[in-house]
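Taken from Swiss-Prot, the feature active site, proton acceptor covers LYS175, HIS294, and the record attributes it to similarity to another entry. The substrate binding site annotation in Swiss-Prot covers ASN123, THR173, LYS177, ARG295, HIS327, SER379. Sequence annotations record features per position, and here Swiss-Prot assigns Mg(2+) binding site to LYS201, ASP203, GLU204 based on similarity to another entry. Per Swiss-Prot, N-acetylproline is recorded for PRO3. Sequence annotations record features per position, and here Swiss-Prot assigns N6,N6,N6-trimethyllysine to LYS14. Summarising the annotation, Swiss-Prot assigns N6-carboxylysine to LYS201. Under the heading site 'Transition state stabilizer', Swiss-Prot lists LYS334, citing similarity to another entry as support.
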Amino acid sequence: MSPQTETKASVGFKAGVKDYKLTYYTPEYETKDTDILAAFRVTPQPGVPPEEAGAAVAAESSTGTWTTVWTDGLTSLDRYKGRCYGIEPVAGEENQYIAYVAYPLDLFEEGSVTNMFTSIVGNVFGFKALRALRLEDLRIPTAYIKTFQGPPHGIQVERDKLNKYGRPLLGCTIKPKLGLSAKNYGRAVYECLRGGLDFTKDDENVNSQPFMRWRDRFLFCAEAIFKSQAETGEIKGHYLNATAGTCEEMMKRAIFARELGAPIVMHDYLTGGFTANTSLAHYCRDNGLLLHIHRAMHAVIDRQKNHGMHFRVLAKALRMSGGDHIHAGTVVGKLEGEREITLGFVDLLRDDFVEKDRSRGIYFTQDWVSLPGVLPVASGGIHVWHMPALTEIFGDDSVLQFGGGTLGHPWGNAPGAVANRVALEACVQARNEGRDLAREGNEIIREASKWSPELAAACEVWKEIKFEFEAMDTL
């Protein structure tokens, strides 16, 4: 190496370790429209100032490392570094802070949720200077959103495909989730669809096990779909779970579903991964398939209040990666979901523009620039007595999914489906007539049960069933 080269490489470089906040804490920074903005809940280790903790998050999730390196001089850190531009204490929590970080758009590959998360929620979550770290929200700039296809079809196109308007869609997860033969599984699908449901569903862990191989299941479910359509005159569907051990196998299953004429397939997007999910979403758009998304594994990531990632971030990522439905909690059922927080990310899934609203956990205004919306799916421990609340909470653009609440009917699967359809139609009619579903819900169901023996039987079975536990996910 020549002396001249040595001089150039060493200009401005001083080996050693320096505080992150000297480079990455920039409270004077004015965010750009093209920045990805993140709100982190930071719990520093004792003795670590919040500014240093916030700067460490910005550094370790962008250009920084634990020591000064001479190759910093070969690029422009001011152009590429993440910046912690704000710190605020969390009300009611000791030693917790919201750190706001801005990332230049050039740090991220176009159209890749995988790359975005690898940076923002990568190694930094194991950083020793932090006791805990949670990503509460992201603002995705419109310039980045435009690099994503998003949902294969979206809410309006799905309604047009199904020719169903003015009410929530009804679904059912086939139970028991594991152990049925393909023929008996298909029989249950047929009975539920014939009884009045729009969709039935594979459970998240129904893939291709020894008791029921995927191809057999697809064939019997397709038979059930077409038979129930012929009898009812309505378009029906079954979420055929294409999730598999490899992307190649997943695509093979999706292709077979299309060849059978199935209208919709399904993917477990967190266990399957964002790369696989985006690939499947692209195939579904190109081939006219709807895509149902299950969020299995989400609670491992989002349930702890001070560490991990809030589901609203996973919901935004899914809208970018692609899916026409996603499970979003119920508020009233057996699974976690506080009302205002749930409605916050439901709006982020469906609406084109969502204003900042800290009372619902929304830290940033989000403009989706006409990216198609996603139908939220309410599923888990719900039954006919929940129908008024679900209709009032989620509105028409949703899927209400009753597994045990259909298949647990004392008269069988088809009467269980009838009970749910009657309850839904009664609630929609009452709402359209101006009645208050929140206040008059039980009375509306009781009135409908007088002329529907199937609904009356369901009301009797589940009149005492409640899931009253305190929500973990609060503001």
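Backbone N, Cα and C define each Cβ position, glycine as well.
Here the features listed in Swiss-Prot are painted onto the structure.
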| residue | record | DSSP class |
| --- | --- | --- |
| ASN123 | substrate binding site | helix |
| THR173 | substrate binding site | strand |
| LYS201 | Mg(2+) binding site | strand |
| HIS294 | active site, proton acceptor | strand |
| HIS327 | substrate binding site | strand |
| SER379 | substrate binding site | strand |
Counting across all protein chains, other CB atoms within 10 angstroms of the CB of LYS201 (Mg(2+) binding site) number 29
Cα of LYS177 (substrate binding site) to Cα of GLU204 (Mg(2+) binding site), in Å and rounded, measures 8
Between the binding-site residues ASN123, SER379, the one whose Cβ has the fewest other Cβ atoms within 10 Å is ASN123
Widest Cα pair spacing in Å over the listed substrate contacts ASN123, THR173, LYS177, ARG295, HIS327, SER379 is 37
Quick tally, other C-beta within 10 angstroms, LYS175, LYS177, HIS294, ARG295, HIS327; top of the recorded positions is HIS294
Here the 10 Å Cβ neighbour count for THR173 (substrate binding site) comes out at 24
Excluding LYS201, ASP203, GLU204 themselves, the Mg(2+) site's Cβ centre has within 8 Å the residues THR173, ILE174, LYS177, ASP202, ASN205, VAL206, TYR239, ASN241, MET266, HIS294
Sequence-ordered, the recorded positions among LYS175, LYS201, ASP203, GLU204, HIS294 whose CA is within 10 A of the CA of HIS327 (substrate binding site) come to HIS294
Smallest Cα-Cα separation from HIS294 (active site, proton acceptor) among the recorded positions ASN123, THR173, LYS175, ASP203 is shown by ASP203
So GLU204 (Mg(2+) binding site), by the Cβ count within 10 Å over all chains shown, scores 20
Quick note, GLU204 (Mg(2+) binding site) and ARG295 (substrate binding site): C-alpha atoms separated, nearest Å, by 8
Same-chain residues at least 6 apart in sequence with Cβ under 8 Å of the Cβ of ASP203 (Mg(2+) binding site), in sequence order, are THR173, ILE174, LYS175, LYS177, LEU178, ASN241, GLY403
